[in-house]
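First up is the structure itself, then whatever we jot down about it.
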């Protein structure tokens, strides 16, 4: 699953959920199973709502650090509820729970913290990209994640670790992202770099995760659902003080201001991109989308943040449940179509202006991503990889 393949795991956005836990809840062998089609609908819908609401919140507030902190805090509470009460009740006490911190002398502690750090930074940079660029453009750039995965695999496994065929499959991705960037009216250098850094962090996380499973397996307290809880808790502890440090003043103004509407300049960390003065929530990059964001009250923003956090957690967890029910190739195909679905939904919802060249670039990048996944599966079935 997610933790076993560093070159495709993050690209497929598979979640860290216990196969013994949620897969059992949604129906194992001998149980009445929830149809995969229903799970796929939940996966697609929650993913679209998560990305769309993230972009919507960031258009209004432009506080990516605060949004990331809220996502991790909500995920921590959501997963804690599953581990502490839901799964033990559903499995009639057979599901073993271990929420204690790993001992300092534990050999797994360093690797778990490495996974948590790269995972947290990956989502943080994703939100920074969404605060500066169209959601459709950010998703297109994230389709280039196989490039960073192959680069890390090459560095970690030797000069000939990756075949030439694998590298060739990334050319359509590079060309597609390049065309999309060239024709993108909302292109923002910092947004592009943030999305690229997010890809690198997720690829690095996958390498650490594979090392954890290869060296230590899945002991009690480190199965995938417990690991997801530990990562969310680590991310919460890291992001909350960082968000308060960089965006505290802007957050304070947002909490005690009148209903928020969008302003006129892009920000990062509560600072204007072309200024050094902190600004309140409600800032926008100019000419990103045609649709104007509505004025939102504080209660509406908080409800939207809560919905965003729940959907963020749900789509990651549902992804793994689907993986446990279908072959990897089917899951990879569904995941590619999920990315296409999100690009379509966000473009429609925000009325993003997409020209022909931009559309061709998006299609080329997604096609290259699909080709990469297909070739990975095909080459892994060969006794010797061609170099």
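All residue numbers here begin at 1 and follow the chain in the order shown.
Each residue, glycine too, has its Cβ placed from N, Cα and C.
Positions annotated as transmembrane segment by TrEMBL: 36-58 (among others). Counting residues 6+ beyond its ends, the transmembrane segment (36-58) has Cβ neighbours under 8 Å at 26, 64, 67, 127, 130-131, 134-135, 139, 293, 301, 304-305, 307-308, 311-312, 314-315, 318-319, 321-322, 325-326, 334, 338, 341-342, 345-346, 349-350 in the same chain.
If you look up TrEMBL, you'll see 37-371 marked as domain 'Sugar phosphate transporter'.
The transmembrane segment annotation in TrEMBL covers 65-90 (among others).
According to TrEMBL, the transmembrane segment annotation covers 110-132 (among others).
TrEMBL lists 296-315 (among others) with the feature transmembrane segment.
The annotation transmembrane segment is assigned in TrEMBL to 336-354 (among others).
The transmembrane segment annotation in TrEMBL covers 360-379 (among others).
Within the chain, the transmembrane segment (296-315) has long-range Cβ neighbours (under 8 A, six or more residues past its boundaries) at 15, 42-43, 46-47, 49-50, 53-54, 56-57, 60-61, 67, 70-71, 73-75, 78-79, 254-255, 259-261. Summarised as a single figure, the pLDDT of the domain 'Sugar phosphate transporter' (37-371) averages 81.
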